[in-house]
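Accompanying notes for the structure given below.
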């Protein structure tokens, strides 16, 4: 694989940077967690004020406009870029928005969203022949058990359909991560530009067909949903994902990804405070199991694929 000047420069200083993960890294990791946690509130507010298809199409359209100067086609990998954009910027966000539209207790969705990591592992094993060691298998089982526990909570029984849609979104994100492995060396802004382009192209036609009343009502959307929409585009998509990519380029995955486990905890608490929804004992127990499973997965060493 050819390495460009920017990637080469980052790799030259990579060893030194990895040895000096300190206050700056912790502050940036906290920033990413904060952006992702608040984005759950942002997306719920925007979806309720508009519509699932329309809100994603608008968000991805804005992201594309902001990142368009950085878009590049890469010989032999443009198809993978487009597929990644369709999965991550289109289908994943569509399912996520539908789940948010269906749900009243957003905290339950934050817990179900943790299935993205186990799904990524399972898809890697099924499609790429990657081996899972005993600890990762245990982590996957714990994560699924934690989400399954939500079904037995009478306080959020009505949220089960939304949780299932969220699980489908998590599986889609897991598939997108497999495609992303073929995009090593692609700049953050180029990747976000493709996300925005494919998301907008995929969803805008359906929004025009099925959500015309919501489009007509955009002129009457208040400043609160508009502010949260701006945050979702800039704060979560560009600042949050961009900062996470910057951290992953400079520090080991085993250092960064466990720190990201604070996001679902923060989003559950923030959503409960903002929307006034309860955090039940079953949610705490199930969320703890799911987080324990993802932590085990994140801290387990990788094994080489078969063949």
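Residue 1 is the first one shown; counting continues down the chain.
Each residue, glycine too, has its Cβ placed from N, Cα and C.
Annotated in TrEMBL:
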- 24-151: domain 'EamA' (DOMAIN)
- 162-298: domain 'EamA' (DOMAIN)
- 21-43: transmembrane segment (TRANSMEM)
- 49-68: transmembrane segment (TRANSMEM)
- 80-102: transmembrane segment (TRANSMEM)
- 108-128: transmembrane segment (TRANSMEM)
- 137-156: transmembrane segment (TRANSMEM)
- 162-179: transmembrane segment (TRANSMEM)
- 191-210: transmembrane segment (TRANSMEM)
- 222-248: transmembrane segment (TRANSMEM)
- 255-275: transmembrane segment (TRANSMEM)
- 281-299: transmembrane segment (TRANSMEM)
Long-range environment of the transmembrane segment (49-68) - Cβ separation under 8 angstroms, sequence gap at least 6: 43, 89-90, 93-94, 97-98, 100-101, 189-190, 192-193, 195-200, 203-204, 206-207, 210-211, 214-215, 217-218, 221-222, 225, 229, 232-234, 237-238
Chain residues in Cβ proximity to the transmembrane segment (162-179) (below 8 Å; excluding those fewer than six residues from its ends, i.e. six or more beyond): 80, 83-84, 87-88, 91-92, 95-96, 98-100, 102-103, 108-109, 112-124, 127-128, 147, 150-151
Composition by DSSP (helix, strand, coil) of residues within the domain 'EamA' (162-298): 123 helix, 0 strand, 14 coil
Interface present between the transmembrane segment (191-210) and the transmembrane segment (80-102) (three or more C-beta pairs under 8 A): yes
Confidence summary (mean pLDDT) of the domain 'EamA' (24-151): 89
Two-stretch contact, the transmembrane segment (108-128) and the transmembrane segment (222-248), at least three Cβ pairs under 8 Å: no
Sequence-remote partners of the transmembrane segment (255-275) [C-beta within less than 8 Å, at least six residues beyond its ends]: 18, 21, 26, 29-30, 32-34, 36-41, 44, 104-107, 110-111, 113-114, 244, 247-248, 283, 287, 290-291, 294-295, 298-299
Counts by DSSP class (helix H/G/I, strand E/B, coil) across the domain 'EamA' (24-151): 111 helix, 0 strand, 17 coil
Proximity verdict for the transmembrane segment (21-43) and the transmembrane segment (281-299), three or more C-beta pairs under 8 Å: no
